[in-house]
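Below is one structure; the comments refer to it alone.
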């Protein structure tokens with residue numbers, strides 16, 4: 001712009017010029033540096049120790065430094081009017097990107113050419129006196145502007161939160177705007193690169209940590225996890241086979257010195273009859289912490305000590321050591337617990353006491369040394385003593401009581417809608433063991449001397465119960481005796497059961513806990529449609545005075561049969577001698593299609609009576625003394641109608657006619673209740 005251009009508008013105090021506009025967009029405040037000779041340079045504050053530009057110099061921008069604000073330059077059409085106060089100017093500016101600019105406080109922006117920034121509006125009088133001209137964007141080329149003498153070259157601008165210094169105003173011709181924009185773009189790219197490097201470093205660190213975590217997971221995929229110890233000895237990083245080898249070596253290498261009659265020997269657990277399952281122990285150590293959360297799983301500071309029991313010292317067998325020292329040993333035998341012959345109750349067999357060298361102390365020394373790294377086996381002097389069984393008669397009796405209580409009070413499995421089934425004697429038998437110690441292995445529950453294995457219960461449930469679940473119910477049809485016990489099932493029946501995913505995964509654990517408690521219910525997440533049960537009650541009544549057998553069904557007599565009773569039974573049903581039919585309540589406990597009967601009885605007078613009856617048909621034993629309901633044993637047929645006049649009698653059994661005996665045999669089931677009255 002020439003001086004004449006200035007003179008043309010001098011009287012109005014308005015200058016129109018093309019400048020490069022520098023914008024700071026943080027507060028949407030715009031600061032314009034203008035080449036205005038009319039402004040008072042004495043009001044400016046150049047930066048201290050900064051060299052002043054000389055006339056004719058070309059403008060330049062300082063290179064951006066770390067922490068600088070990002071600037072962009074756009075050509076604007078600028079109009080301003082001289083403010084009535086010296087050293088200030090009112091600026092009106094617009095560009096294509098944003099033509100609605102205001103100051104931070106919402107008013108018109110002002111530029112104070114001093115040490116302070118003022119955003120106060122002009123007085124009305126001043127505004128009226130000074131006309132305002134808004135110019136349109138200039139597109140034609142203009143001569144390159146020169147920095148005139150005595151023109152302020154820098155100014156401090158104080159925003160609300162930052163100070164901008166050393167900002168030289170641009171005196172760049174419009175033709176040079178494109179090059180200036182390119183330079184500013186390069187500066188902006190450099191700035192962005194400087195801001196990006198911390199994020200790049202962080203990303204590299206994250207990738208490195210992820211890679212390290214992946215390598216850690218892969219490394220311990222087939223190895224014991226960090227922080228896992230076995231009997232206080234670290235096995236972290238070892239494979240399952242290596243751990244098993246360690247266990248075998250530890251058990252083999254651990255010895256104790258025993259002496260007898262001035263002879264000594266080094267013995268191991270194997271010498272005392274112990275068998276150690278190294279693979280099972282290694283599996284426990286390998287699986288330790290596998291269910292922990294990810295961080296705990298791989299932290300070495302999160303320690304888990306696996307300490308399986310190797311047995312009780314009282315179970316040590318002195319046979320081998322006795323043979324080594326020339327001492328004859330008789331091994332003790334443990335009392336046992338098992339089901340009775342009809343599978344309805346548990347019973348115990350007695351233990352026996354043995355004799356031989358007492359090796360209990362030696363066994364305890366070895367067990368302590370293996371299970372405690374700080375323990376050292378000591379010298380043991382052996383003596384000949386009685387060898388007590390590990391499971392005594394008392395222990396077996398307590399176990400029998402525990403198990404029979406569960407038979408009487410079976411654990412129920414229920415779902416959402418009703419009961420499903422019970423865990424009866426088969427489930428108990430598949431999961432219990434008698435243990436004379438006081439230790440409870442992982443995965444088991446203890447009740448006195450009985451252990452219930454959760455894994456075995458889960459397996460039993462899945463194989464024998466869950467495998468038979470059906471979504472629709474089937475009503476049951478059963479026969480019960482006079483006590484309400486089911487003696488025959490015509491239709492098994494079942495509820496409709498639909499198990500939710502994972503809804504029965506804890507059956508084994510919950511059932512073991514319930515069995516250890518003695519009663520309880522196992523709840524699973526399943527929809528249950530209850531089944532209905534049709535019951536038919538059957539009962540037999542024998543009246544010795546009437547000489548009749550009455551077959552009852554649902555409390556109604558469905559058949560009446562004539563009988564032949566014991567020889568000692570009088571007409572009124574009373575017993576007048578030895579060979580009488582017993583009275584009372586019984587249950588049919590044994591049934592035979594045919595049997596050869598023979599035997600001898602000693603009578604009350606000391607005499608004896610014998611019998612031999614081959615091929616007796618349709619036998620139903622109700623008395624454990626040998627009395628049964630069966631077909632009359634005769635060389636020719638005696639039918640029901642002929643029985644009263646036949647004179648047939650027995651040694652106490654109840655005889656039926658040939659034509660009805662088979663019917664009764666098929667009608668009366670095991671555990672049918674039989675009431676015999678006078």
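Residue numbering: from 1, along the chain as shown.
Note: Cβ is positioned from N, Cα and C throughout, glycine not excepted.
These come from TrEMBL:
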type	residues	note
ACT_SITE	630	active site, proton donor/acceptor
ACT_SITE	653	active site, nucleophile
COMPBIAS	37-46	compositional bias 'Polar residues'
COMPBIAS	117-128	compositional bias 'Low complexity'
DOMAIN	538-677	domain 'L,D-TPase catalytic'
REGION	35-75	region 'Disordered'
REGION	87-128	region 'Disordered'
TRANSMEM	196-217	transmembrane segment
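Under the three-state DSSP scheme, residue 630 (active site, proton donor/acceptor) falls in the strand class. Put simply, residue 630 (active site, proton donor/acceptor) is 8 Å from the residue listed as 'active site, nucleophile' when counted between their Cα atoms. Note on the domain 'L,D-TPase catalytic' (538-677): DSSP counts are 17 helix, 67 strand, 56 coil. Here the active-site residues are 630, 653, and the one with the most other Cβ atoms within 10 Å of its Cβ is 653.
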